[in-house]
Amino acid sequence: MVIKPKIRGFICTNAHPVGCEAHVNEQIAYVKAQTSATSGPKNVLVIGASTGYGLASRITSTFGHDAKTLGIFFEKPPTEKKTGSAGWYNTAAFVKAADEAGIYAKNINGDAFSHEIKAKAIEAIKADMGTVDLVVYSLASPRRTDPDTGEVYSSTLKPIGQSVTTKNLNTSKRVIDEVSVEAANDAEIQGTIDVMGGADWELWMNALGEAGVLAEGVKTVAYTYIGKELTWPIYGKATIGKAKEDLDRAATAINAATADLNGQARVTSLNAVVTQASSAIPIMPLYISAMFKVMKADGTYEGCIEQIANLFKENIYSDSPRLDEEGRFRQNYKELEDSVQKRVTDIWNSVDTDTIDELTDYVAYHQEFLKLFGFGIDGVDYDADVSPEVAINNLT
């Protein structure tokens, strides 16, 4: 079939297999061209491995450090008449490249929040790796089913204390308007913590520890976005921010639980990037479009793969990591520089519908959004007839 993007609201409902492969190969080429840290991981578990920062972590581990990887994800396979999800095609492309390089890459498709998938992962680690020395936790989900009680928790993107009305870039209509978001109630705050907080990261690390599959000196990271004043009302100081604070609690608990292994758990603060998750958050399309304008002009912008390649080199495997006052790895320091934030704020305050293209780099934002789904990639023939049916090797 000929596959063109089908965009509904802030999501694209299909994906292009050839485009996704080209996008993954771009990231692999970037990592191969970099100078990696002298030390690095050998056996890596990536929980949330198919898109964004999780995929970038898997690529960096394999093609920067020749590490074996086990990837956990929950993706929709293709059929004869419907495309699979972007994450499905991304993983198929990654595994194909790893196979060609002769580097182990195994995959589990299922609900990472469940006991069943944790048990499957442990079984695979015992059989093929023995132990893992790096665990990357990079899940984004609107819901989580409690594996013990069966209760379904839901996350919300709401402010705390009082409702917020703020400027917004409506990507469907391509206009600057306002968005109003009601304040969360206590149940919504707790639900967001239960989904996006550190509980499942902790469950994973406890299960791995009890099974004896964590290596001496094991490292684990969970990814977060902190942001600054512009994004705090609906992000950093809102329900999702409370959930991210719970990651700090979990990091402390995991450090205590892995002390006998000299383990290290750190939350990692990363840049705002265009992902399937961030595109759903009010204010983020406008913020990121303005940030693109500033940081690309400065030559300092880093996407997922640049951020993660540098995270491994500058922080996870560095003797002098850059930490914030909470002990998190700070990989977002360029974005949060005062001079950058001031110029982004100036754009934010000035932009209207007529000046979107002049003042922001919404064009780049939209291009990045399409690339998530394999569209708009140089060298890909989007008029060609392609089969949507692509298999993932080494999938259980």
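Backbone N, Cα and C atoms are what each Cβ position is placed from, and that goes for glycine too.
Record features (Swiss-Prot):
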type: ACT_SITE; residues: Y235; note: active site, proton donor
type: BINDING; residues: 48-53, 74-75, 111-112, 139-140, K244, 273-275; note: NAD(+) binding site
type: BINDING; residues: Y225; note: substrate binding site
type: SITE; residues: E75; note: site 'Plays an important role in discriminating NADH against NADPH'
Nearest of the binding-site residues (S50, D111, Y225, V274) to Y235 (active site, proton donor) - Cα to Cα: Y225
In whole Å, note down how far the CA of E75 (site 'Plays an important role in discriminating NADH against NADPH') lies from the CA of G48 (NAD(+) binding site). 10
Do you see any of the binding-site residues S50, G52, L139, Y225, K244, V274 whose C-alpha is within 10 Å of E75 (site 'Plays an important role in discriminating NADH against NADPH'), and which ones? S50
Tertiary neighbours of F74 (NAD(+) binding site) (same chain, Cβ under 8 Å, six or more apart): N109, G110, D111, A112
